[in-house]
Amino acid sequence: MIKTQSKLSDPRLQSRIGYEFKQLELLQLALTHRSVSHKYNYERLEFLGDSLLGMIIANYLYQAYPHENEGRLTRMRATLVRQEALGKIANDLKLSRCLILSTGELKSGGHHRESILADTVEAIIGAIYVDSNDLNLLKNIVLKWYIPYLDHIEPTDQLKDPKSRLQEYLQARKKPLPVYEVVDIQGDAPNQHFKVVCLVEGLPRVMGEGSSRRFAEQTAAAEILKLLEQ
């Protein structure tokens, strides 16, 4: 039997997800980090959700891009299911306030750690499928989460990571390359949370956060690109 809390910490979570659970304990399990319990946590649901997400996104890309080859479709899928993309969806769903973490994990900033947020999104996908046993319903829910991002995915240059795109943008205009500075590291390896500032001549300082220095730099670069596109 799954051990659960009596109610969700955020009663509006199901509305944001777009699904009302028949077995609320499945959603609670999907929100429970292994730091709380080695037996009752989201890892099995995450395993299932990871496979389901890959299939849903692969099917969408196959239908939406009938003339793209396998290599480009694979790279597009990787862009949409990587940790950075799932972290953005977690933020859209406001999952950080709903995570069930140990006191130690909470103090180390686990509720903002991109890897945990991404894992939780996959676990929720698995939980919805187990609860509903309806793949078509799950597909519609997941693609609705992805609406803000599907329109911006391109088979070509958008597949490059934000740091590469920013560097190419500046080089093409003969401007100085960006400088990345780590300003804060929380927690202990391997569960660290990094804050990195990206400095570009003529633009305000922009901060990015992530579960690794690389992810934090990519997040900061993505924010700089948004400023340049305005």
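From the backbone N, Cα and C atoms, a Cβ is placed for every residue, glycine too.
Copied from Swiss-Prot, the annotated features are:
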- Asp50: active site (ACT_SITE)
- Glu122: active site (ACT_SITE)
- Glu46, Asp119, Glu122: Mg(2+) binding site (BINDING)
- 10-133: domain 'RNase III' (DOMAIN)
- 161-230: domain 'DRBM' (DOMAIN)
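Annotated features, which come from Swiss-Prot, shown on the structure.
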residue : record              : Cβ within 10 Å
Glu46   : Mg(2+) binding site : 21
Asp50   : active site         : 19
Asp119  : Mg(2+) binding site : 25
Glu122  : active site         : 24
Where Glu46 (Mg(2+) binding site) and Glu122 (active site) are concerned, what is their Cα separation in Å, rounded?
5
So around the Mg(2+) site, Glu46, Asp119, Glu122 aside, which residues have their CB within 8 A of the centroid of those CB atoms?
Tyr42, Glu43, Leu45, Phe47, Gly49, Asp50, Ala118, Thr120, Val121, Ala123, Gly126
Give the residue counts of the domain 'RNase III' (10-133) per reduced DSSP state, in the order helix, strand, coil.
86 helix, 2 strand, 36 coil
